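Have a look at the structure below before the remarks.
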């Protein structure tokens, strides 16, 4: 079956820029990627076709050869042997891994010695109370992970033996295959890219060099952390392959809601109830802080919702910047479950203080009802 023109495959003109080619490739690769089309062989074929077209058209030398000779430049026996296409010479994800890596994070290694892979990073979600987050705390945690095998010291080989250099790739982890004018690297099928072969594997880790284990760690949480902060423990992630460096452990902080305080940055907020008599006459009210109780002076004629700032009673920031404040909102409480005598006294108070002739005692009401009157007067004009 004749091969489609590479420009047609990507849906671009022959004078398209490299940027346009790359843009078209990304769109089509996402559309036909096997992970999105599991079990669809036609999508897999289109995905491979798109990758090959992109690899040729973004390489100046290959593109020039294709523009001059077309598909014949890469056909087996046509110009140097080897082909770019075909059904089964290895995994196309390995052949063009570096091309596709910018989208899916892949990519092939260079031509040097194969390197063992660094261990994966891990994440641990830690929940703290507000007090723990503000003051700092040490916590013991248990983390399931992969650790270096203590029997073979991570080599994967049985005691008295060692891993042997792969005879196929000579330790490089890759082999070359010819494609027309060009040589393309592919993951070694013998050692799977590791560069070494373990002929006598360790019985404990079965040649992997790592084993599953739950580690117990003591984590020191600095004072002032907040939800979203992340603490890095270097080298406490999964062990690397065959002696490679371990990954890191990231402790993700989440601070639980508090029944009194709310936090915003380094400031704390709370509501404190006061009686309506204290709000009218003034006095002192006890206010909770993270360091204990303190007294707040309430001026006379205080209205509900009034805010007071208590400097230095907030949180000391984990990144510096000083200590925040405690913002106190006073809420005037309406008395409930009154006795007959209390109700009688309030009615007397209402007559002397809150009647129509006593508007000076209720400034908010006077302003409100005056505004309402003006509103309706304007409507009737």
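Placed from the backbone N, Cα and C atoms, the Cβ positions cover glycine too.
Remember, it's a predicted structure, so these values are computed and weren't measured experimentally.
Straight from Swiss-Prot, the features:
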BINDING   149, 152, 202, 205  Zn(2+) 1 binding site
BINDING   166, 169, 188, 191  Zn(2+) 2 binding site
DOMAIN    5-70  domain 'J'
REPEAT    149-156  repeat 'CXXCXGXG motif'
REPEAT    166-173  repeat 'CXXCXGXG motif'
REPEAT    188-195  repeat 'CXXCXGXG motif'
REPEAT    202-209  repeat 'CXXCXGXG motif'
ZN_FING   136-214  zinc finger
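Cβ atoms within 8 Å of the centroid of the Cβ atoms of 149, 152, 202, 205 (the Zn(2+) 1 site) belong to the same-chain residues 150, 151, 153, 154, 155, 156, 157, 201, 203, 204, 206, 207, 208, 209, 210, 211, site residues excluded. Spacing of residue 205 (Zn(2+) 1 binding site) relative to residue 166 (Zn(2+) 2 binding site) is 21 Å (Cα to Cα, whole number). A separation of roughly 17 Å, to the nearest angstrom, links the Cα atoms of residue 202 (Zn(2+) 1 binding site) and residue 191 (Zn(2+) 2 binding site). When Cβ atoms from all protein chains are considered, those within 10 Å of residue 188 (Zn(2+) 2 binding site) total 22, not counting its own.
Secondary structure at residue 149 (Zn(2+) 1 binding site), as computed by DSSP, is coil. Less than 8 angstroms from the CB of residue 149 (Zn(2+) 1 binding site) sit 156, 202, 204, 205, 208, 209, 210, 211, each of them six or more residues away in the same chain. Taking CA atoms as the reference points, residue 188 (Zn(2+) 2 binding site) and residue 152 (Zn(2+) 1 binding site) are 25 Å apart. Secondary structure of the repeat 'CXXCXGXG motif' (188-195), assigned with DSSP and counted as helix (H, G, I), strand (E, B) and coil, comes to 0 helix, 0 strand, 8 coil.
A simple way to gauge crowding: the CB of residue 205 (Zn(2+) 1 binding site) has 22 other CB atoms within 10 angstroms, across all the protein chains here. Spacing of residue 166 (Zn(2+) 2 binding site) relative to residue 152 (Zn(2+) 1 binding site) is 20 Å (Cα to Cα, whole number). All protein chains included, residue 152 (Zn(2+) 1 binding site) registers 25 other Cβ atoms within 10 Å of its own Cβ.
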